[in-house]
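Step one of this worksheet: look at the structure below.
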Amino acid sequence: MDADWDEVTRIAFPAPGSNDYPRPASALAFDTIAELLWAGTDRGRVVSFYRRDLQRYTAFKIHPPSEGPVRQFLFHDKGVIVLGTRSVHMAMRRGPAIWNIRHDDMKDLQCMSFTSKGASEIIVAGLQDTMFVIDVVKGEIVKQVPTEHHYTIMKKSKYICAATRIGCVDLLDPITFKAVRSWQAHASYINDMDAQNDFIVTCGGSLKQQAAQTYMLDPYVNVFDLKNMTSMKPMPFPPLAAHVRLHPRMLTTSIVTSQHGQMHVVDIMNPNTSNVRYANVMSFVNLFEMAPSGEALAMADTECNIHLWGSPSKIHFTDLALPIDMPKPEEPAPVLDWSPDTPLSSVGMPYYREPLFSVWPSDIISDVGAPPVQLDPGFLSTLKQTEWGMYGRNTRGLRRNQVEDTRACMKPSMKTPKFLSEKARESAMSSGASVSDSKGEQAPDLTSPNELESLKPEAPPMYRNLEIKYSKFGVDDFDFGYYNKTPYAGLENHIPNSYANSLLQLMHYTPLLRNLALQHAATACVTDLCLLCELGFVFDMLQKAEGSTCQATNLFKTLSATPQAGPLGLLEEESHVPSLSTMSQGLSRFLFDRINHDYRSIAPVSTALEQSLFNLAQPPSTDELVSRVLSTAALVTIKCMNCRSETQRAGTAYVNDLMYPPPKGSIRGGRTPKTTFSQVLKMGVERETASKGWCSRCQRYQNLQMRKTIKSVPAVLAINTAITTQEHRRLWSTPGWLPEEIGIIVDQGQFFCFEGADLKLHLQRGIHNITVYSLIGMVVSIESSSPQKTHLVSMINVAHAEATPSGESKWHLFNDFSVRPTSTAEALTFNAAWKMPSVLLFQVKAANNKSNMEWRTKLDTSVLYRDLTPPSDAKTFRVLDPESEKPGPETIVGLDTEFVSLKQPEIQMNSDGERETIRPMSHALARVSVVRGQGEHEGEPFIDDYIAIREPVVDYLTLYSGITASDLDPRTTKHNLVSLKVAYKKLWVLLNLGCKFLGHGLRQDFRVINIQVPRAQVIDTIQVFFLKARLRKLSLAFLAWYLLKEDIQLETHDSIEDARTALKLYRKYLEFKDAGILETMLEDIYKAGRATGFKPPRRDDQVIQRTDTPPAAGAATADGNGGASGSGVGNDNGNGNANGNADPVTPARKTVGLGVGSPFGVVNVFTPSKGSPLLPK
């Protein structure tokens, strides 16, 4: 090393790709026959640099990035040989590949060397039990050599000098590859080694004495004499030797460097004298190489720099170097002789990376000029003609000279339907019409058959936000059927947090998610805040609804009560909420996480579907099953950019966010590279990020790089679109950009995604194990301008969720309670101005149209037989006997509920001075009573639950419900106080056991309970005693007074009393029907109702005090018939019980000529009113 040696060139090592960040070099070598310096990266990329300026020459990739770093270079006159971890690659110096060799036993290759045949044969070894001999000329493996040692470094001299991973140096025979001699060079490992002529030099490390798990470099270089097969005196190197090289010209000279760049030029024969130089390195030197000419050396540091040292006047890499083939310069464009006669065809058309200015996007096209005012012919006939025009009285309802917005008037809009009560009234008043005729009315189809609605500049009516109108009869009077003529149920949107409706619909029509929820809901889980149970209840409602409109009230209540929901910004009632699109994406992550958590809490009732789908011989554990369905498993590598230490941990993602390529500058004369959905999905799944984090080695916060190696993908692939820029919007607006099917291959940590023609090609070849996913649907954000509100809808292909495959797509638009079919093109077309997807759900195609209904037969019914309240004489119910009372499809149960008010109705006065309901009163379930409808104990309650309400109650409605604040307070109540989940679970189990619910006005009960009961399982006495020709439905109190001769609901309501009364009325209905007098009796009932105002008459002298519901034991044993028998205060009919017990019961009015009491606690006769056709003439 001459005195004028210094750093000649320093360059930053280029990043592996345009979307990546710079990485330190993993391998470095000077070409032996060309003026090139070669370097490799940890992502399998090779780069070469030309001459002293280190001008970039070639770059190519030898293996996928997931296979790890480039290990070593060897040079041949035909090209360069590059070693990877699992392959060996040979390429021309210009870049084209000559051959690439892979083998199943190539697991972790580390080093290679030429053999006795010179440059025509190499041997490859590594941390494995097999070495490979490769013919360089033919590019094939000619021999496999077993070995006992694992080698990390190889150098060729007289022997093949190989360093083992435990610090030994083996001399291998270059012909037989057997170990001739071995030395223990270092205690722990060898960091670097070189061999030339008769010498071997090594530097390595050993364990520190203070901490047995920390390694430190040795402060010396070991030297071995190959001629005498002995070890020589070590060369001291106090700065700790990291790298060592023998000078190619000076036989006994070596160059030793430390990690910090201190270099010593040492004579092996006289190690006490040295020439010291310092490299200007700010971090650590990780690679060091000497040029074959001896006139240059190169270093690579951890800050991604390459340093070239040498004498500025003599520096060159090799003697007698081959000439380098440089790329031909681009020919300049020909100069045209431009004149009026020059043909335009002589001008070439360039390629453009960006759309031309003449290509106007659809979202900025606007119509110019407003339509003319449409004047009524009757109005024109009243005007007087003059020579300048026409004039007359202004009867159009506009001010003088007021401009009419004709464009807004011409826009189609969704007409609000009439209330059901209005339709019934009009139908009853019109001749020959029936109430059922109004069902044919539906929302007008405002779509154009030849034009996609999604391409319009503004959101068309079918996408706009819909609003529920309220009459004095509440929300039940709204005609939801006007907006939905399909067999698929919608969801009401007047409930807080109903922005989640679209995501719930999307999850419901994903068969695997629906199956997870239902199999879990059918278990014994009664956890109060179990969102998976609530999802199962909602999915069951939507299935049973058959096109009716449902609501997810209980699920949204549970969501609001979940502690994590508020801080995550998932609740609309919070003061600061993000956009609805961001909220839906956050909700998808939260729900999938909760599904994973809740599903693991208890074993599902059946896993038959998952076993058949995943080909599992034995029932899987809950952890394995939910992971296969929901989680993307990956190995996350975290690398500190300061100390370069790496740590690995298992990573799981339930929802993947898409990652888009950064916008690239235009390439002159080049085309814009096409970005596909598969590419964006691959970047999102294999997400590489850089962020600040704690480095345990540096003991401080550093810049960390995180990289994922994918192990497996789930059966349900949930994707958040993460659209943030206009570039993203333009990408989604590309026609046909979102495919209906994608194919995914996960192989050895690599993730590949295909679509379209590529997917078909891979399926035809059948080489790889490719999994095909179907697009179930998406949550779409509809961004409307004022006065319309931005809201969410869902586009769903319901064909994948049907019981039988239809063979074609069935896309539907779910806009809350409006459901309508739409075309595939309409569903998959987006608009940058107002229609953008938020959440996507893909499911493995093999799971389409699959369902597992075993949960209905394996339903856990223990909640019906469990009584957690202590025994008491005041207990109002007795649970079912698990041996003798098993509910089933033929079981009838009487049901009644009581409510309290959570919010008062919001009412405003409209311009006509009429009261208009903006939002009706919000109710909450406070009490549920279910009585036996058959058998020996008919009429006896087996459920009488009071509900612990989390929300603040504004009105207990005690006059109508009988509920007081003390009844719902755990500290003061004497009733069976349970959570809403427990009370609901009991009713849900009865529903799915096939029981028939009997009651009076059950529609409102079911709405507040938030349960959907099929019509076949409902017996509603308000319907059986109803004449459609009459517009009035009869109250329970009036029917009890007229038919049962009982006075009920005198001071307040009692749900057990009401359920029993409805049961008695149903028995009377069956009597009338069997006798053939039902229609006659209905006419008689309505006639009596008109005479009394449809209210039971009250006597002024009758004073009846109501107390609590009587105990079940007294009711069951008083007269042996299971009915409530006893005398009420103020009645003197002498029908007291046998024990003289004066428990308060429903008072019976005194009648004349009544027969013996029936088993239902009522009389067997009735009294016709005056004028009834049943009276004798």
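Every residue, even glycine, has its Cβ placed from backbone N, Cα and C.
Database features, via TrEMBL:
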| type | residues | note |
| --- | --- | --- |
| BINDING | ASP896, GLU898, ASP1005, ASP1058 | divalent metal cation binding site |
| COMPBIAS | 427-437 | compositional bias 'Low complexity' |
| COMPBIAS | 1120-1133 | compositional bias 'Gly residues' |
| DOMAIN | 489-845 | domain 'USP' |
| REGION | 414-457 | region 'Disordered' |
| REGION | 1093-1150 | region 'Disordered' |
Among the binding-site residues ASP896, GLU898, ASP1005, whose Cβ has the fewest other Cβ atoms within 10 Å?
ASP1005
Give me the mean pLDDT over the domain 'USP' (489-845), rounded to a whole number.
90
Under 8 Å between C-beta atoms and at least six apart in sequence, can you list the same-chain neighbours of ASP1058 (divalent metal cation binding site), or say none if there are none?
ASP896, SER929, GLY999, HIS1000, LEU1036, ILE1048, GLN1049
Hey, for the divalent metal cation site built from ASP896, GLU898, ASP1005, ASP1058, who else sits with CB inside 8 A of the CB center?
LEU895, THR897, ARG927, VAL928, SER929, GLY999, HIS1053, SER1055, ALA1059
